[in-house]
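K.L.:
Dropping a structure here in structure tokens format, bear with me for questions.
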2 protein chains.
Amino acid sequence: MLLSGKEQVMPRYKATIAYDGTDFYGWQVQPGMRTVQLELEKAVNQMAKHPAEHIRVQGSGRTDARVHAVGQVAHFDLPFDIPADAVRKGLSTMLPYDIGIKQVEIVPETFHAQYSAHHKTYRYRLSTTEFIDPFKRNYTGHWHRRLDPALMQAAIGDYLGEHDWLSFVASGYQQKTTVRTVYRAQMWEKPADDEIWFEFSGNGFLYNQIRIMVGVLLEIGNGARPVDDIPRLFAVKDRQQACFTAPAQGLYLMSVDY
Amino acid sequence: MLLSGKEQVMPRYKATIAYDGTDFYGWQVQPGMRTVQLELEKAVNQMAKHPAEHIRVQGSGRTDARVHAVGQVAHFDLPFDIPADAVRKGLSTMLPYDIGIKQVEIVPETFHAQYSAHHKTYRYRLSTTEFIDPFKRNYTGHWHRRLDPALMQAAIGDYLGEHDWLSFVASGYQQKTTVRTVYRAQMWEKPADDEIWFEFSGNGFLYNQIRIMVGVLLEIGNGARPVDDIPRLFAVKDRQQACFTAPAQGLYLMSVDY
């Protein structure tokens with residue numbers, strides 16, 4: 001039913017989305033670039049055929065080029081009140097195969113994919129073999145220099161809690177404050193796959209923050225940085241002291257919790 | 001040491017190779033196409049810098065566009081007698097990331113990657129969820145219609161043994177005989193991944209044979225074809241009776257045994 005005039009209600013939809021970031025220039029719409037948001041907005045507008053307005057798709061936050069998502073969340077408003085699962089099926093048929101719609105729900109209009117988010121969880125997959133597996137090249141970071149997991153395990157807990165992450169943000173960040181809270185910081189070895197996985201949950205992450213956090217851990221595991229260096233990095237608040245950013249293709253946005 | 005004149009010995013190297021077939025137009029060199037053989041020959045010739053001759057890389061057999069390999073085998077002759085592991089490292093630095101050299105060995109000059117092969121093993125990965133996982137789109141076939149694994153399990157053993165596979169070969173095959181022997185034919189469900197895996201070993205497979213074998217099994221599992229249809233297909237020797245070819249991206253050449 002098309003609603004119009006004073007009685008118009010635009011139902012709000014929350015979509016949970018997976019994407020293989022390999023062939024995307026990240027989440028955010030940028031002129032001339034293939035991005036996830038662009039593809040989603042094309043599909044939503046093609047489905048809605050709204051006569052006047054370009055419907056925007058609001059994500060929980062950006063992801064960079066080549067970064068993946070297992071559970072990105074976005075919201076959008078439709079001019080029709082159609083069942084959530086019909087929206088899911090409709091979008092699924094219109095989207096390219098490197099984007100998958102896992103779930104669509106109707107949510108109150110107060111829901112906002114970015115501002116309502118309570119915490120986000122990211123995973124970083126690191127491959128540690130000398131042989132660079134062609135099936136992992138787009139799906140893991142890669143490190144085959146010296147690496148002592150015990151050193152990283154001893155240091156990773158230093159990331160927990162509320163900190164000023166100014167030493168862990170790439171240039172180009174736009175946020176007013178660089179204070180964020182990390183609720184969970186874990187790593188585990190996956191010897192059967194020759195991988196190490198890192199997982200971080202927090203109330204928000206700055207531009208490149210997770211990849212720099214992983215980079216610092218790898219330098220600690222390598223012995224290039226002392227095991228107690230993380231508290232010092234928080235204290236110095238210097239973006240030049242943690243330069244190594246782990247490669248994008250190992251990073252996965254796992255979930256956004258509300 | 002460069003050997004020349006009468007004393008020239010061209011040592012033969014056997015390479016075990018993995019590749020992600022997604023961005024290749026198959027194994028075999030074809031004008032204007034990016035193929036695995038082309039990339040390997042570029043790397044081998046760049047490394048060898050043979051003054052007069054283009055060194056050829058002979059594979060165990062072709063794979064189609066988008067088909068993957070975990071253990072393809074190829075041989076080539078070099079004008080230098082250099083250690084096998086140095087050849088592996090040299091090629092690894094020159095090859096694109098979607099080809100990986102797993103092992104290089106020096107073999108007798110009587111070794112031939114194609115003619116010396118005793119048997120080959122292929123795996124087919126099938127994803128069975130309604131949701132098309134963007135991370136599997138290039139790495140599994142996909143089937144979300146009705147499928148009874150017990151029916152396929154009851155039928156798959158009919159593939160074992162020596163048969164004329166004329167009903168299972170795509171048009172365009174060039175072999176003199178379509179008689180081949182299958183030594184192993186297995187399937188197992190991977191419920192944690194929502195996948196079914198098929199594996200076949202045999203003394204040789206015709207063009208598209210494995211993908212047609214999987215296609216026939218899926219039609220049996222779907223109920224579209226009777227469970228005892230495989231012996232009938234061997235008997236009729238008619239390429240029109242098994243038309244459904246499972247998609248290329250689920251197929252992996254796992255190993256070649258000598």
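From the backbone N, Cα and C atoms, a Cβ is placed for every residue, glycine too.
Summarising the annotation, TrEMBL assigns active site, nucleophile to A:Asp64. What TrEMBL records for A:Tyr122 is substrate binding site. Per TrEMBL, domain 'Pseudouridine synthase I TruA alpha/beta' is recorded for A:15-116, A:155-258.
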K.L.:
How far is it from A:Asp64 (active site, nucleophile) to A:Tyr122 (substrate binding site), counting Cα to Cα, in Å?
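P.N.:
Answer for this pair: 13 Å between alpha carbons.
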K.L.:
For the residue listed as 'substrate binding site', which residues in the same chain are close in space, meaning a Cβ under 8 Å from its Cβ, but six or more apart along the sequence?
P.N.:
A:Glu199, A:Phe200, A:Ser201, A:Phe205, A:Ile210, A:Leu251, A:Tyr252, A:Leu253, A:Met254
K.L.:
Using all protein chains in view, find how many other C-beta atoms are within 10 Å of the C-beta of the residue listed as 'active site, nucleophile'.
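P.N.:
I get 18 for this one.
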K.L.:
Summarise the domain 'Pseudouridine synthase I TruA alpha/beta' (A:15-116) by DSSP state, stating how many residues are helix, strand and coil.
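P.N.:
Taking the domain 'Pseudouridine synthase I TruA alpha/beta' (A:15-116) as a whole: 27 helix, 27 strand, 48 coil.
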